[in-house]
Amino acid sequence: MSLSLSAEQPAVPDVADDGVWLECIECGETFAPFDDVRYTCDECGGLLEVRYADLPTFDDFEGHGVWRYAAALPFEAGVSIQEGATPLYEVPRLEDEIGIEALRIKHEGMNPTGSFKDRGMTVGVQVAKELGVGRLACASTGNTSAALAAYGTRGDMETLVLLPAGKVAAGKIAQASLHDARILEVDGNFDACLDIVQELAAKGEVYLLNSLNPFRLEGQKTIGLEILEGFLTDYDTVPDRIVLPVGNAGNTSALYKAFRELVQAGELDEDDVPKLTGVQADGAAPMVEAIENDADEVRRWDDVETRATAIRIGNPVNAPKAIPGIRETGGTAVAVSDEEITDAQRALAREGIGVEPASAASVAGLRKLRASGVVDDDERVACLTTGHLLKDPDAAAAAGGDPEPVPADTDDILEHLQQ
Ligand SMILES: *Cc1c(COP(=O)(O)O)cnc(C)c1O
Ligand SMILES: [Zn+2]
């Protein structure tokens, strides 16, 4: 199977352009990368992956941010706003409380628009330029639209975003709006928005930049590469496990692909690949259901609900790439309640790290898996926090304490502070 960790590097097909091509993960059909607009396989409808004649080695990486990893990407540079190079925070109190050897927080909220989506867009919008398309579009729970709007306008292209009405956090809509996207609020959930934008893309109206687009996942691979380099520098070893929130499972797929390519290049031992561990909210957990049932396909959940709106997704489009990633690395998937998510959001905040609810799912999931003994106390773990606290100011305010009204008088305030 093409997605196994021990897969051989395939022969370079005639359609390759400068050593880059697209390959269907289901039937193996290959396609030229930049001749036509294509998101899925013409033959069987399967998901596509970007493949390279030359695989990256650690020695190839130089520079800063996403484009440090150009050797693992289809271009030398893209439409950039200095994305990537996010912090890998130490969290000593949380590490003690959870009871593991080492815990680091890879805070993707520190990207230009406040989420990891920027890493995908710097590559995806560059592909749009290569293809010469006019209008870019996405369906979004919020962060994809913020990133697409910023990178689209930076690349001098029009952007259209479809959002589920009433279900997108305030900061994200504000970003899409100010960065000049045309915003359509759809009377339906995220999955309905994605169905529609896929139809618009099929009619040639827009270029689709959801994570179904294989080039976006190339940019997101760099999260995994940064985590590996950070652990190698600080601990002289790669992490045992990476825990991450799962919505459409793009990141899970991207990290797995990054590690698979390093294994194929002989840069990483198959047994050392970090265990990919996905976390969903109880009210939107189709991937967890599939992993628990050992199923190859995900059952679409039509009714999803969680205050972690960024992962309020019932039909994870990248599941066929992500499920092998979780299985082959010996990882797992777990669901957590909204209360557990908010508790984890507060615990991160106590360490000075401000994240939006979906991001905190990773820490909530790790806590749960450590408590149940699935995660051992001798593990070194990286948790991914995907978006910044200010993305969802309402959720942050609700999770924090209330302001106390006082008169504008020092003596009254001193008296108030005694209470
Ligand atoms: C997009 C997003 C996710 C989900 O990521 P997938 O790659 O779709 O699984 C999680 N958290 C935040 C904050 C996001 O913006
Ligand atoms: Zn196919």
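Each Cβ is built from the backbone N, Cα and C atoms, and glycine gets one as well.
Look at TrEMBL and you will find 80-387 tagged as domain 'Tryptophan synthase beta chain-like PALP'.
Under the heading N6-(pyridoxal phosphate)lysine, TrEMBL lists LYS117. LYS117 (N6-(pyridoxal phosphate)lysine) falls within a helical segment according to DSSP. For LYS117 (N6-(pyridoxal phosphate)lysine), the number of other Cβ atoms no farther than 10 Å from its own Cβ, over all displayed protein chains, is 33.
Around the Cβ of ASN143 (pyridoxal 5'-phosphate binding site), a 10 Å sphere holds 32 further Cβ atoms from the protein chains shown. Residues or ranges marked as pyridoxal 5'-phosphate binding site by TrEMBL: ASN143, GLY247, ASN248, ALA249, GLY250, ASN251, THR386.
Broken down by DSSP into helix, strand and coil, the region 'Disordered' (393-419) contains 16 helix, 0 strand, 11 coil. The region 'Disordered' annotation in TrEMBL covers 393-419.
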With a radius of 8 angstroms around the mean position of the C-beta atoms of ASN143, GLY247, ASN248, ALA249, GLY250, ASN251, THR386, what other residues of the same chain does the pyridoxal 5'-phosphate site pick up?
PHE116, SER211, PRO245, VAL246, THR252, ALA310, ILE311
Chain residues outside the region 'Disordered' (393-419) and at least six past its termini with a C-beta under 8 angstroms from it:
169-171, 307, 342, 345-346, 349, 354, 356-357
Entry from the binding-site residues list GLY247, GLY250 having the most other CB atoms no farther than 10 A:
GLY247
Round to a whole number and give the Cα-to-Cα distance in Å for the pair LYS117 (N6-(pyridoxal phosphate)lysine) and GLY250 (pyridoxal 5'-phosphate binding site).
10
Just how spread out is the pyridoxal 5'-phosphate site if you go by the largest Cα to Cα distance in Å among ASN143, GLY247, ASN248, ALA249, GLY250, ASN251, THR386?
15
I'd like the Cβ neighbour count for THR386 (pyridoxal 5'-phosphate binding site), meaning other Cβ atoms within 10 Å of its Cβ, all protein chains included.
30
